[in-house]
Amino acid sequence: MVRYSFRDRDRDELSQRLIEAALGGDVELVSECLGLEAVDVNNIGTVSLRVKCIESVQREEEADELEIVYRDFVTDVTPLFGAAHTGRIAIVRKLLSAGADVNQELFRGFATTAAAREGHCALLDMLLKAGASRPACEDALLEAALYGQARAAGLLIRSEMVGHDVAQRALISACCRGFVDVVSALVENGVDKNCVDRVLLRSVKPALHANVDCTPLVAAIVSRQVPVVKYLLEVGARTGHNFRLGAWSWDIYSGEELRVGACLGEPYNEAWCAVEYYEVSGQILRLLLDHKSSFLSTHLQGRTLLCHAILCQNCDAVRVLMEAGVDVEFPIKTKKGHESRPIHLAAQVGCLDVLKQLILHGCDVNSRMESGETALMVATKFDQPECFLQLVVSGADLGLVNNNGDSAVQLAKRSCFSSSLPKLISTAILSGENVFSSRLEVFSSLHFAAAVGDIEILQKLVQNSLEGINKQDGSGLTPILISAKAGQTEAFRFLIKYGADISIKSRDGHNVMSLIKDHACASVKNRFEEILLESVLSQTLNGHMEFQALHFAARAGNLNAILQLLKLGYGINSLDENGSSPLMIAAREGNADACRLLLQNGAESVETALSVAKKISKSKAAEDVIFDHMARAHVLLGEELCKHTREGRGKPHLKAVRMLKSGLLSWGKSSRRNVICKESVAGTSTNFSKNRRNKNVLDTNKGTLFRVVTETGREVHFEAASRGNTALWVRGINLVSKEAKLGDWLYCSSVR
């Protein structure tokens, strides 16, 4: 441990007292201390120093906000430093006279540094005249530039004790902080306004925090210091220097854009810098464009200033450029021959505001790239639904195709927003704007609305015009065909109502009926046919011959529809493409009431219908109705039967037998040959069979015998030509007899 003598301790105490007196401005105490031989005028002591600090608060697209705060620091000082810091001129003069070292460097710089920081210019001038060295002057100049002390900076630069490199660093630092008076003082005193030096540049948006070699003008642009930029341009600062400050790069062959990070992109000039580091009011960009209008037309590797503004998605910068007269149709070209327009780039990056600006400025929304793609197609390829909608609303042609033959809608169906495509186009149509397509075979709003089944859109479209209701698209499909294929029943009904023709065929030969029949869902298929039936009945169906309305009504069992269709003249015995009549279809579906109604109105092919009904279990009721009709008609018509006499003992003979509607069975004119039947039964009675056996007559009738029991109890045996005829006679006699007893002649009156 170092041992201090009493005299050494006194010297230290007196020197510390001198520091505190100089810092506090006590002239008498300073004079008293300086009069003592033991006091060291250059002694370094520790004190609490209240220092001015400038804090920079960053803002988006605005210059940093500078805040002046004072903080207390415990630090080493000398008497001269303390007096210079507080601006005590008289004390500084005494200290200098006593031999204080003006070039003594401390942690916080020189005495000149403290004077420059606080703006004590008279005191600073005194220090300069006292022999301040070059390091002391340079440190003071940098401090003056950082704290905006213009007079101090002027004194220091005029002292000719500052090197060019330090002066340039001070100029760029002042530009970053926006101290235009400091910049003016330095430039007016010979500092090169076009110098290049390394400085820390910062930005919130886009993010930047890097040491960059740049000019004062670029530093002011990145820092958004409008007054500084204006001053530098006025005093003739050169433009056209390229600096690597951007975050975007692009392949000069393919044209692909890449975000590589700050200071890693392509080197560019001041105007490009002003676009990427845009100042919120746009003044910096306007100043540069006014200063040098060629910025608008010059390009960098095939890109223009407008392209860069679009890539940065800065709508305000785009607006400023357009106001300045930028060419919105300037082609973007690559070395591989790729060519596009700014609107394609806007659709690609998905900046809706920029896209709107371009469209409002008159940009061609249908301009093509070398691949034949429009901005609308680009928006679909890069999954930009909002841009897609904006372009459609703005009149982009949905009927165009690219070199591969794909339309914008086809590309959209393969995009990430394919599920929302119907909603997007619906929104465009309902917006009141005209959704345009130059080729209906590629895209038609009416066809699209029919496919998605949007009735609201269909109503809006047909209100404007019915011209396209039967137009065919590229596949030969009309809107009605599309709605049938898509299963959109309500759209189908709507189009039928407005006169859509169902007879038109597509290129592959399909019409409405073939598409409906091929539909997988039976309920949807029935719904379509119900709509067609309603239209036929209201006589509003165009091309109604394609629809077998009576056949469908028979299948559905719709009795009212059958009656109306018959009144309209539909053929009751007409055949469909499968050769089936309405009666056969009703029989197959088991619609007994429909079968009865058709038979009442003269339906033919009864035997075929009966055979159809017998094959299907659910058609038992229909089978009975048809068989009753056949039996009734058969017995009323009559035929020759073999009549047996004397209960089988007599010789059989042929008789013309028929049934009357009154319930009489007649085979002659006498009363015994006109009997009222009680019932008819297949087969013979017991006595008849016994008598036949007694006569040794073999029973070879094979089920063709039947007997009739009269009201008086008499039994008469007949033999028909076949079992089928036997069944008809038995069923018919019983049926007519029952109807005669009940007085049910209404049904029978229409039977032939």
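Glycine is treated like the rest: Cβ placed from N, Cα and C.
Per TrEMBL, these features apply:
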REPEAT    75-103  repeat 'ANK'
REPEAT    338-370  repeat 'ANK'
REPEAT    371-403  repeat 'ANK'
REPEAT    475-507  repeat 'ANK'
REPEAT    545-577  repeat 'ANK'
REPEAT    578-604  repeat 'ANK'
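Counting residue by residue with DSSP, the repeat 'ANK' (545-577) contains 19 helix, 0 strand, 14 coil.
Taking Cβ pairs closer than 8 Å, the repeat 'ANK' (475-507) reaches residues 444, 446-447, 449-455, 458-459, 462, 466, 468-469, 513, 515-516, 519, 521, 524, 527-528, 531-532, 535, 540-547 in its own chain, all 6 or more past its ends.
Sequence-distant neighbours of the repeat 'ANK' (338-370) (same chain, 6+ residues past either end, Cβ-Cβ under 8 Å): 254-255, 257, 304, 306-307, 309-311, 313-315, 318-319, 322, 328-332, 376, 378-379, 382, 384, 386-387, 390-391, 394-397, 400. Across the residues of the repeat 'ANK' (338-370), the predicted structure has a mean pLDDT of 92. Under DSSP, the residues of the repeat 'ANK' (75-103) split into helix, strand and coil as follows: 17 helix, 3 strand, 9 coil. With helix defined as DSSP H, G or I and strand as E or B, the repeat 'ANK' (475-507) counts 17 helix, 1 strand, 15 coil.
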